[in-house]
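Chemist: I have a structure here, written as structure tokens, and I will follow up with some questions on it.
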Amino acid sequence: AKPSIFTTHKHWYESSLASVLSPSTPAQVLHVYDTVFHGFSAKLSPTDALNLQTLPHILAVIPEQVRRLHTTRSPHFLGLQTTDSAGLLKESDFGSDLVIGVLDTGIWPERQSFNDRDLGPVPSKWKGQCVTTKDFGPGSCNKKLIGARFFCSGYEASNGKMNETSEFRSPRDTDGHGTHTASIAAGRYVFPASTLGYAKGLAAGMAPKARLAAYKVCWTAGCFDSDILAAFDAAVADGVDVISLSVGGVVVPYHLDAIAIGAFSAADQGVFVSASAGNGGPGGLTVTNVAPWVATIGAGTIDRDFPADVKLGNGKVVPGVSVYNGPGLSPGRMYPLVYGGTGGGDGYSSSLCLEGSLDPVFVKGKIVVCDRGINSRAAKGEVVKKAGGIGMILANGVFDGEGLVADCHVLPATAVGASNGDEIRGYIDSASKSKSPATATILFKGTRLGVRPAPVVASFSARGPNPETPEILKPDVIAPGLNILAAWPDKVGPSGVSSDSRNTEFNILSGTSMACPHVSGLAALLKAAHPEWSPAAIKSALMTSAYTVDNRGETMLDESNGNTSTVLDFGSGHVHPTKAMDPGLVYDITTMDYIDFLCNSNYTINNIRVLTRKNADCSGAKRAGHVGNLN
């Protein structure tokens, strides 16, 4: 009956539209929603939108919003080893009846992380499909990747037709982000795995036997709400158990937020939704995806890093991090060291090493110090390299604090914290006043394991309090999100810089984008072990079993300043999968509890209908008391 319902709805929606549009404007429906939302999306002039809002059967008209992406050792660090015969991975047959839907930039299906060796038949409840196109053939899906779709009507309505030479009109990933997040959630065991020789070892997702379905909603201009909602609609109808969403934008009231709306109905239908908290930290009130029915995931470090220290001409060694394996600097040799900002011209853009800002005469053969900001970290390296520089030191600004991210640089380069950046600039300054000009070299130390303290709350991880509902703490938990190794597509260089032609099967990335799929995979394992648990019960198990103490036995630190972190940084704490399996008490939340919460948060009956698709009755809500009682 599906197509006929769809077409009747579509005709009905188009006639609603035609009744308010000027006769010359065609009534074009972009998406029809009927699983998590009843309605449609269309491109309208402001006047048409206002007219549409006056129709008696239209509950709400919600403006389009664009979202952004929240750009191998974590299973081991989380206590999930395959050899562990009694633990989580064993008990759930590794979650093979469960399906994780990843809403992202698509997927590169040929990666080994998505092979289907030893997997049983596709779960019988699965109703999804694998959309095939000229660059995503019928063999792209298998018993591991069991669904793949793409949604671009909203993107093209806002941005015009996509340029098919630079991105695929198919589920195939031209960015890398979606392939990376999908393999974190449910990548198979792959050995050996590494990026440019760093982080060598066995790569595995959280739920290596869970099935994956890729819903491509993000394109070069971002991820549009109308497409995200269409993907929620499809994923829930297809039969996913978990939805993983590593994108976010500005926080708006829940009834105007397509992610909150889609997630509410998904949770109502038993689907666990995990979303990234955002990378706007370390400032307060930066957390996004804050709806209480969503698991909001911040980022922590793991006990592995990639040291690349700066040795200065005055003998001082300054710690930094990097993933670089190309032709190195000559061992034992010191190179002239300059700060981009003192090279004449516009000091501001050259201090940031922006495109075209560096004078080749000034930087040729030298190591250049560049400040963070405006352009991407790896792009700065490309600017230095083009101008003839031999290496780069990337220095944090005051606001970045001491948080460091390792990047796959295109030239010998390393990243240092704010105070060390000040020290290096100070050294250059004082050396310029003396007879001996500043020199330095970078010492690449490879991969270091067993780092203490860990975990530490990542500097970029977005922080509470929750800007929409301060009484409900966000983020909910943190999970590994710094320098995470996962699968990567062909034809995209690991640095993300367009001139980078290196090919790599895996890449190391950081962001709450990487933390979120860790929890999506864990949620699938928990649902496999406890099929009767609702999304709220799974979230309760993850939160009540989380820990706040690091591997030194002290409260976790905040990477941005080295101080002790707080509940506004880590929420309930860092996820602890094995404990979450048997958490003792779990707290459940019913749909009615959420409705009472919305009533007591002063949402109108109409707002609540938009969110919940139910005629809410707020008369008894006062019994639920304070909004914070939802906790």
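Each Cβ is built from the backbone N, Cα and C atoms, and glycine gets one as well.
This is the feature table in TrEMBL:
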{"type": "DOMAIN", "residues": "4-70", "note": "domain 'Inhibitor I9'"}
{"type": "DOMAIN", "residues": "95-562", "note": "domain 'Peptidase S8/S53'"}
{"type": "ACT_SITE", "residues": "ASP104", "note": "active site, charge relay system"}
{"type": "ACT_SITE", "residues": "HIS177", "note": "active site, charge relay system"}
{"type": "DOMAIN", "residues": "335-424", "note": "domain 'PA'"}
{"type": "ACT_SITE", "residues": "SER513", "note": "active site, charge relay system"}
Chemist: If I take the alpha carbons of SER513 (active site, charge relay system) and HIS177 (active site, charge relay system), what is the distance between them in whole Å?
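Modeler: That separation, Cα to Cα, works out to 8 Å.
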Chemist: Within the domain 'PA' (335-424) only, compute the mean pLDDT.
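Modeler: Result for the domain 'PA' (335-424): average pLDDT 94.
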Chemist: Relative to the Cβ position of ASP104 (active site, charge relay system), how many further Cβ atoms are located within 10 Å?
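Modeler: Total other Cβ atoms inside 10 Å, all chains included: 28.
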Chemist: Cα-Cα separation of ASP104 (active site, charge relay system) and HIS177 (active site, charge relay system), in Å?
Modeler: 7
Chemist: List every residue in the same chain as HIS177 (active site, charge relay system), at least 6 positions away in sequence, whose Cβ is under 8 Å from its Cβ.
Modeler: LEU69, THR71, ASP104, THR105, CYS218, SER246, LEU509, SER513
Chemist: So how many other Cβ atoms are close to SER513 (active site, charge relay system), meaning within 10 Å of its Cβ?
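Modeler: Result for SER513 (active site, charge relay system): 30 neighbouring Cβ atoms inside 10 Å.
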Chemist: Taking DSSP states H, G and I as helix and E and B as strand, how many residues of the domain 'Inhibitor I9' (4-70) are helix, strand and coil?
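Modeler: Helix (H, G, I), strand (E, B), coil: 25 helix, 13 strand, 29 coil.
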